[in-house]
Amino acid sequence: MLGTALRRCAVAAAAASRAGPRGLLHPAPAPGPAAAIQSIRCYSHGSHETDEEFDARWVTYFNKPDIDAWELRKGMNTLVGYDLVPEPKIIDAALRACRRLNDFASAVRILEVVKDKAGPHKEIYPYVIQELRPTLNELGISTPEELGLDKV
């Protein structure tokens, strides 16, 4: 209803700007059939992604064997933009991608981002580190706390 009214106002304003001055002495002509507006519904017909599909999509993204440093950073930047803390399996895949690229700095930065995304919920980051501990040990990645970066 509001959208239709706004479209009519826009068409009337456009017609008024093309036709010249209007007022009591120069009434606006009635809109013809060319000015008729169809009501359009603006929905997204896409399906909604489940949590499992979301996780699988990101794990697949980071598990690409030919991922490069730019794609890794782009993926992490996009992932950080969401209003969530990534699941440990997504972070695991991202850390393994860092290892394939020999990018230790990005691996540590990923862990810093996870801590930052956890925000005031102090129980989330230790849980994620606990879940990732076998991967961190296997890949030789130190946490920011082990490196002393939390004190800087």
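The backbone N, Cα and C atoms fix where each Cβ goes, glycine too.
Taken from Swiss-Prot, the feature N6-acetyllysine covers LYS89, LYS115. Taken from Swiss-Prot, the feature phosphothreonine applies to THR143, supported by similarity to another entry. The feature motif 'SIFI-degron' is assigned by Swiss-Prot to 2-22, with similarity to another entry given as support. What Swiss-Prot lists as transit peptide is 1-43, and the listing cites similarity to another entry.
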Rounded to the nearest Å - Cα separation of LYS89 (N6-acetyllysine) and LYS115 (N6-acetyllysine): 16
Candidate with sparsest Cβ neighbourhood (10 Å radius) among LYS89, LYS115, the listed modified residues: LYS89
Conformational class of LYS89 (N6-acetyllysine) under the three-state DSSP mapping: helix
Segment-level pLDDT (mean, integer) for the motif 'SIFI-degron' (2-22): 52
Sequence-distant neighbours of the residue listed as 'phosphothreonine' in its chain (C-beta under 8 A, six or more apart): VAL108, LEU111, ILE129, LEU136
